[in-house]
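One structure is given here, and the rest of the page talks about it.
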Amino acid sequence: MTVRFVTGNEGKVREARAYLEGIDPVEQIEYDYTEVQCDSLAEIAAYGAREAFEELGSDDPVLVDDAGLFVDALGGFPGPYSAYVEDTVGVERLWRLAEAEENRRARFRTVLAYADENGTETFDGTVAGTLVAPRGDGGFGYDPIFEYNGQTMAEMSTEEKNAISHRGRALAAFTEWYADR
Ligand code: ITT
Ligand code: NA
């Protein structure tokens, strides 16, 4: 089976490919699924994966990934609005907001939703780190300002990021389930 990853974000696909190597090929599909308005990443992702699977046709399974950065001192902002905030305010200015705070702890969360003819499953991943001034040119999105163990995620290789990241953890739970379902 080919896993169809429904996303406009190539960085997510690169990370899923690295993880699923030797299990199944991953194909990037662009499909504008409905983003239901709610605070739950799991509900957004599960709804999107189900809808994409039904609408796209074929038996190949579908993956959707809904992620967010949650800054402790900002009450979890930008959270589910992370994509909007990256596009409008930008990563550098989000760092400026965090820089003004004493507590610079933040969490990245992602929910991977999988859909096939048997149903929908979700897999969660979280990583806790510290916001720092931007460093590194790998990864994507907020990676340059998210530090884990002395390195920003933009200073890590795909494999290094997958070993510790929110998405890597969700992919680990997913592949374990997928391999022996
Ligand atoms: P799709 O919805 O098309 O999959 P997106 O980039 O809009 O792509 P999200 O809404 O899930 O994806 O992402 C929320 C924001 O968080 C967005 O600005 C991403 O760039 C960013 N983001 C997601 N995963 C990330 C990661 O692993 N490292 C850094 N930033 C990430
Ligand atoms: Na999105």
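Cβ from N, Cα, C; glycine included.
Here's what TrEMBL has on this protein:
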- THR7, GLY8, ASN9, GLU10, GLY11, LYS12, ALA67, PHE140, GLY141, TYR142, ASP143, LYS161, HIS166, ARG167: substrate binding site (BINDING)
- GLU35, ASP66: Mg(2+) binding site (BINDING)
- ASP66: active site, proton acceptor (ACT_SITE)
Rounded Cα distance, in Å, between GLY11 (substrate binding site) and GLU35 (Mg(2+) binding site) is 20
Sort out the sequence-distant neighbours of ASN9 (substrate binding site) for me: same chain, 6+ apart, CB within less than 8 Å of its CB, listed by position. ASP65, PHE140, GLY141
Cα of GLU35 (Mg(2+) binding site) to Cα of ASP143 (substrate binding site): how many Å, rounded? 23
Farthest-apart CA atoms of THR7, GLY8, ASN9, GLU10, GLY11, LYS12, ALA67, PHE140, GLY141, TYR142, ASP143, LYS161, HIS166, ARG167, residues recorded for substrate, distance in Å: 20
State which of the following binding-site residues has the fewest other Cβ atoms within 10 Å around its Cβ: GLY11, GLY141. GLY11
What binding-site residues among GLU35, ASP66, ASP143 have a C-beta sitting less than 6 Å from any atom of ligand 1? ASP66, ASP143
Ranking the binding-site residues GLU35, ASP66, ASP143 by other Cβ atoms within 10 Å, which is at the bottom? GLU35
According to DSSP, HIS166 (substrate binding site) sits in helix
Could you tally the C-beta atoms, other than its own, that fall within 10 angstroms of the C-beta of THR7 (substrate binding site)? 20
